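Positions annotated as region 'Domain I, interacts with DnaA modulators' by Swiss-Prot, on the basis of sequence analysis: 1-79. The region 'Domain II' annotation in Swiss-Prot covers 79-123. Taken from Swiss-Prot, the feature region 'Disordered' covers 99-120. For 105-116, the entry in Swiss-Prot reads compositional bias 'Polar residues'. Swiss-Prot lists 124-340 with the feature region 'Domain III, AAA+ region', giving sequence analysis as the kind of evidence. If you look up Swiss-Prot, you'll see G168, G170, K171, T172 marked as ATP binding site, on the strength of sequence analysis. The region 'Domain IV, binds dsDNA' annotation in Swiss-Prot covers 341-464, and the record cites sequence analysis as its basis.
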Amino acid sequence: MQAINPIWAEVQKSLQKTLSKPSFETWIRPAKFNCFENGLLTLIAPNTFSSDWLRKNYCETIEKTAKEICGYDVKVIFKSETNINSYLTNKENLDEKKVDHKTKSFSNNSQDISSKNRSKKPNGLNLRYVFKRFVVGPNSRLAHAAALAVAESPGREFNPLFICGGVGLGKTHLMQAIGHYRVEIDPEAKVKYVSTETFTNDVISGIRRDGMTAIRDKYRNVDLILIDDIQFLEGKEYTQEEFFHTFNALHESGSQIVIASDRPPNQLSGIQERLISRFSMGMTADIQPPDLETRTAILQKKAEQERMNLPRDLIQFIAGRFTSNIRELEGAFTRAVAFASITGLPMTVQSIAPMLDPNSVGVVVTPKQVINKVSDFFKVSTDELISSSRRKPVSQARQIGMYLMRQGTDLSLPRIGDEFGGKDHTTVMYAIEQVEKKLSIDPNIASQVQKIRDLLQIDSRKNL
């Protein structure tokens, strides 16, 4: 049952008189009282998006109103109910696994297991990419089943597991879900997720520094290795040689190997036949673009996770217009929520449809067009945009450019990094995450991104 506090009740009552009805009903009323101690008022928002929005736009107003009511300074902090529930769920799952491990004599000290599981962070894994967040459809049923089988019984019949499919269809999600599952089941498991670009860079660094022994130990002393974008081994002869021996060492030791690519093994070019043969010796599972029913389910699940109440007709509208991949679909969802929050318009098909043109940044847009449009818009040179300059105007423009290139082309993170002067894929990933976060809380950023999209849309139509 929700805790009731007279001070927060009075603050809400006062804000209801001063704020517009849509603002109050959307942001203030859903916020729950958590505690009030020593002048610190803690409120719980329904989700991370709402928490960030309240912090950015209403914190000062709430503090001022609370001071008027209390007669002394009050500080306000916001927590996300989504994160709290996620923490409690994870804790509950870990507690169950502690009992299971204890029953099986894996450990006599459940507290040790719990502390190890909390402190040991899986190498390179994104916390969002877990099995329970993956929506299974006819397009991905085989890949999901194979991934789950490998997670439950690694190093057996599906070794290697080769997951293939186009950009933004969930390959990385499934790979990393395997890693998370193994670490939850066995906190001592050595799990490593790595892109082919990172593996290549490590090999090059090892050669230059005469440190190949350390590199080999790093990649061969694991229980589960997850290699993403293996197609980028193309033409890299020495890296292929090193990966061949790494593959053999892992396979012979019984370690599980999971590989992802944008195409099946027999369609990879510029890669040694002996590697192709090894890629094909286990299980190959492909992921196809999701059908309408699956796309609808994906959006419904995302809305539930974000505690957003989107009308069913709007979900069906978005699902019907964005058909290429899941990344594009979720990007449309994020833009719709951000647009409605910033403009104050209702979440209806009529209000959202004009800004959800799937052709606004389509695959006909080239990396060069994105760089040129971003450069012109922010009035920075293209050389400066792809440089390593950390000046705020330049770095912000660069982040937006990376975000738009990810949304509007079929380039992978490493390839986008190459377009921006050879940046690492982790830099690109960070940039995209930053822009996605700002789109939800910063109207200025949202406006800039939309204006550049409009400019790219004009270019796109010229090329039709």
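Cβ atoms here come from the backbone N, Cα and C positions, even for glycine.
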Cβ neighbour count (within 10 Å, all chains shown) around G170 (ATP binding site): 27
Integer mean pLDDT for the region 'Domain I, interacts with DnaA modulators' (1-79): 83
Packing count at G168 (ATP binding site) (other Cβ atoms within 10 Å of its Cβ): 20
For K171 (ATP binding site): intrachain residues, at least 6 apart, with Cβ closer than 8 Å: A143, I163, C164, G165, D228, A260, S261, I287
Check: same-chain CB within 8 A of ATP site center, minus G168, G170, K171, T172: G165, V167, L169, H173, L174, A260, I287, I326, R327
